[in-house]
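Colleague: OK, TrEMBL features for this one:
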type     : residues                       : note
DOMAIN   : 5-150                          : domain 'Lactate/malate dehydrogenase N-terminal'
BINDING  : ARG91, ARG103, ASN136, ARG166  : substrate binding site
BINDING  : ASN110, VAL134, GLY135, ASN136 : NAD(+) binding site
DOMAIN   : 160-327                        : domain 'Lactate/malate dehydrogenase C-terminal'
ACT_SITE : HIS191                         : active site, proton acceptor
Amino acid sequence: MKERVKVVVTGAAGQISYSLIPRLVDGHTFGDKIVDLELVEIPQVVEKLEGLVMELEDSNFPNMGNVNYTSDFEKAAKDADWFLLVGSIPRGIVYNGKKIEERADLLQINGGIFVGQGKAIGEHGKPNAKILVVGNPANTNALIGRHAANNESQLWMAMTMLDSSRAQSVLSKKLNTGISDISKMIIWGNHSPTMYPDFENMDCNGQSGKDLIDDMDWINGEFLPTVQQRGKAVIDSRGASSATSAAKAALDTVVACENPTASGDCFSAAVMTDGSYGLPDGIICGMPLRTLADGSVEIVSGIELSDFAKEKILISTNELLEERAAVMELLQ
Ligand SMILES: NC(=O)c1ccc[n+]([C@@H]2O[C@H](COP(=O)([O-])OP(=O)(O)OC[C@H]3O[C@@H](n4cnc5c(N)ncnc54)[C@H](O)[C@@H]3O)[C@@H](O)[C@H]2O)c1
């Protein structure tokens, strides 16, 4: 009998999910395992998921198990192994009669959603469940969800893999090399324009970025702004936020957690700080991670940070502290 994995996806009728969900059952992300899906949406939208389920059935994915759709998150959470929390209220939408423009309002509304979802995950998810928050503001949503879950054996992450992929892409062009030659691409801090893509510790065929790139004008004038502002550039061009690349990054994060990390390598996601690298306590911060043979995920130690890197990371962790202060009442 094949192993089964149960995956909950919120925001299942949204743009990212349309690219993400089929690839959860295509035999790549979870290998041979049979994937049971719980697709979650808000009540106003949930019926749309019937069409998506029809499409999934019509695609004849051999690894697809049971597929349900619901607006009852608590029910969906029962014994789930993975939670891909994509659903959130975007900036600019009218919510309860008010147009949501301010980051503070966005933090409050989405934060509120993550209290309920976090509690349900803590109570009903598997003890070793992994949770990837994609919906923005991802780090602070994850902080709120993790606090509400109050379950130390589960792993809460906020997605920074898309930032890491973007940085790899820009560096591979600069170094005129293939994308797969670039590894150890660490994103420090917040999933926001303050995040710091660590070009110095990146590895390209055994050489570090620090040794390969001796052009701080390019780093400051091109590399950092391109990676940090890429989300906005996509929105400006497409009129909608990154969807297919965000879906690919979520899948890459799952794959990175499901398989042991190669020796010397690491992958990027934001997790709870643990005192390493002098980062402030109590924030969900982008860091280098690795997956061990037993499936557990740990923070990689021993990465050297230059003064330049420390300065940039401080800007991002200060932003995370400000976000935390704005939602403090959700963390009591
Ligand atoms: N971390 C990243 O790298 C990254 C990258 C791109 C986008 N994002 C974020 O991902 C989120 C989703 O993006 P999208 O383009 O798919 O948006 P979208 O608006 O197309 O879809 C979001 C969906 O979430 C649903 N939703 C809202 N609240 C929900 C709740 N409480 N439970 C279940 N579903 C709920 C909405 O009904 C909607 O269908 C946004 O917050 C976006 O900013 C993050």
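Backbone N, Cα and C atoms are what each Cβ position is placed from, and that goes for glycine too.
Caution: TrEMBL annotation is automatic and unverified by curators.
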Colleague: Just give the helix, strand and coil counts over the domain 'Lactate/malate dehydrogenase N-terminal' (5-150), going by DSSP.
Modeller: 62 helix, 32 strand, 52 coil
Colleague: Quick one: average pLDDT across the domain 'Lactate/malate dehydrogenase C-terminal' (160-327), no decimals.
Modeller: 96
Colleague: If you take the centroid of the Cβ atoms of ASN110, VAL134, GLY135, ASN136, the listed NAD(+) site, which other residues of that chain have their Cβ within 8 Å of it?
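Modeller: Leaving out the recorded residues gives LEU85, VAL86, GLY87, SER88, VAL133, PRO137, ALA138, ASN141.
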Colleague: Around the Cβ of ASN110 (NAD(+) binding site), how many other Cβ atoms lie within 10 Å? Please give the count over every shown protein chain.
Modeller: 23
Colleague: I'd like to know which of these recorded positions, ARG103, ARG166, HIS191, is least surrounded, judged by other CB atoms within 10 A.
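Modeller: Minimum Cβ neighbour count within 10 Å, taken over the recorded positions ARG103, ARG166, HIS191, occurs at ARG103.
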Colleague: What recorded positions among ARG103, ASN110, VAL134, GLY135, HIS191 have a C-beta sitting less than 6 Å from any atom of ligand 1?
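Modeller: With ligand 1 as the reference and 6 Å as the Cβ limit, the list reads VAL134, GLY135, HIS191.
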Colleague: Starting from the Cβ of VAL134 (NAD(+) binding site), draw a 10 Å sphere and report how many other Cβ atoms land inside it.
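Modeller: The answer is 30 other Cβ atoms.
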Colleague: Just to confirm: which same-chain residues, 6+ apart in sequence, have a Cβ under 8 Å from the Cβ of ASN136 (substrate binding site)?
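Modeller: For ASN136 (substrate binding site), the qualifying residues are SER88, PRO90, LEU106, ASN110, HIS191.
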Colleague: What is the biggest Cα to Cα gap, in Å, among ASN110, VAL134, GLY135, ASN136, the residues listed as binding NAD(+)?
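Modeller: Those residues reach a largest Cα separation of 12 Å.
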Colleague: Taking the Cβ of GLY135 (NAD(+) binding site) as the centre, how many other Cβ atoms fall within a 10 Å radius?
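Modeller: So the number of other Cβ atoms within 10 Å of GLY135 (NAD(+) binding site) is 24.
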Colleague: Under a three-state reading of DSSP, tell me whether HIS191 (active site, proton acceptor) is helix, strand or coil.
Modeller: coil
